[in-house]
Amino acid sequence: MAGTYKIAVLPGDGIGPEVMLQAHKVLDAVEEKFGFTLERSEHDVGGIAIDNHGCPLPESTMKGCEESDAILFGSVGGPKWEHLAPNDQPERGALLPLRKHFQLFCNLRPAQIHSGLEGFSPLRADISERGFDIVVVRELTGGIYFGQPKGREGEGPQEKAYDTEIYHRYEIERIARIAFESAMLREKNVYSIDKANVLQSSILWREVVEEVAKDYPEVTLNHMYIDNATMQLIKDPSQFDVMLCSNIFGDIISDECAMITGSMGMLPSASLNQEKFGMYEPAGGSAPDIAGKNIANPVAQILSAALMLRYSLDEEKAARAIEQAVSQALEAGELTADLAGKGAALSTSEMGDKIAAYIRQA
């Protein structure tokens, strides 16, 4: 029997509403094709919520998210709200409380070069033409960003500042399991990134990851130091499948992966908790300079919806159908203005229509 799922849709600001509209078109297409039902409720978040409710994350929005199986998030922020105190601004006042409230400890950042877009990569042609398809699995709530104690003290030559890198066994185990589960859906390779030659936290990280790996005999586990990993991504990114990283290493690696694709407007992102409840959003920003012009690239938002189907709703076939439709459109040279160069560019809405049509035709 086909499932029914509740989705909280938070379009937000800038290009958020117009790219979210394209995600709706694509979700309509997979609903029809695969027979499940997505009950979608829309809520204000970010700047529009400040304008309408006086705060970036209204109680009604939080309640809508709590009653849902997943959150499909657009983008927030813009010059209109930059005068506000940092904690009242759309980004910090909406995204951080959502991550904290739902205990979203895992960040997933896919990065790939789509066929036909190799020329946008800053990598040498002979490297980019090999292609790559990577998912960075980043631990999001532990490590040096949150460890205590941290601070500054003293003065003069003796003044010092310090941070603490702390990881508990349970934090490493739960993020490792998501990496191995992800690998089972892909090429069955996990690269665990650490600095176990100098850091005690990385030694524990490596030990726990090796223990978890025993539960996934079909998956090949590789360990790699962070400094080598950053170099290998430039030399031959095609060797990687799933990259498992601590918070700070994942911060670095996921941005490097994004940059070597050469098309930031195409990259989705997911943040998950222990129950696989997730928030799914484009990796880019709200792009207020092009908002309302029907020229934004909706692919990142559409691929975020595919991640939602895969990780929170367990609708793998529908997720793949969306990803294949995106690839078909790009391979056919159907591109929005950010990628079309001097060629004919599709509008935001035309791109959404094309991808939905490919799903229905498949």
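Each Cβ is built from the backbone N, Cα and C atoms, and glycine gets one as well.
According to Swiss-Prot, the NAD(+) binding site annotation covers 78-91, 285-297, on the basis of sequence analysis. For Arg99, Arg109, Arg138, Asp227, the entry in Swiss-Prot reads substrate binding site. Under the heading site 'Important for catalysis', Swiss-Prot lists Tyr145, Lys195, citing sequence analysis as support. According to Swiss-Prot, the feature Mg(2+) binding site maps to Asp227, Asp251, Asp255, an assignment based on sequence analysis.
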Number of Cβ atoms other than its own within 10 Å, given for Ile295 (NAD(+) binding site): 18
Of Arg109, Arg138, Lys195 (the recorded positions), the residue whose Cβ has the fewest other Cβ atoms within 10 Å: Lys195
Arg138 (substrate binding site) versus recorded positions Tyr145, Asp251, Asp255, Ala291 - nearest by Cα: Asp251
Number of other Cβ atoms within 10 Å of the Cβ of Arg99 (substrate binding site) across all protein chains: 17
Pro86 (NAD(+) binding site) versus recorded positions Lys195, Asp227, Asp251 - nearest by Cα: Asp251
Inter-residue Cα distance where the pair is Lys195 (site 'Important for catalysis') and Gly78 (NAD(+) binding site), in Å: 38
Among Glu82, Pro90, Asp255, which are recorded as binding-site residues, the nearest neighbour of Arg99 (substrate binding site) by Cα: Pro90
Asp227 (substrate binding site) in three-state DSSP notation: helix
DSSP three-state assignment (helix, strand or coil) for Arg138 (substrate binding site): strand
Candidates Pro90, Lys195, Ala287 (recorded positions) with Cα within 10 Å of Asp227 (substrate binding site): Lys195
Three-state secondary structure, Arg109 (substrate binding site) (per DSSP): strand
Between Ile295 (NAD(+) binding site) and Asp255 (Mg(2+) binding site), the C-alpha gap once rounded to whole angstrom: 24
Position of peak Cβ density within 10 Å, selected from the binding-site residues Gly78, Pro86, Pro90: Pro90
Distance, Arg109 (substrate binding site) to Asp255 (Mg(2+) binding site) (CA atoms, angstrom): 9
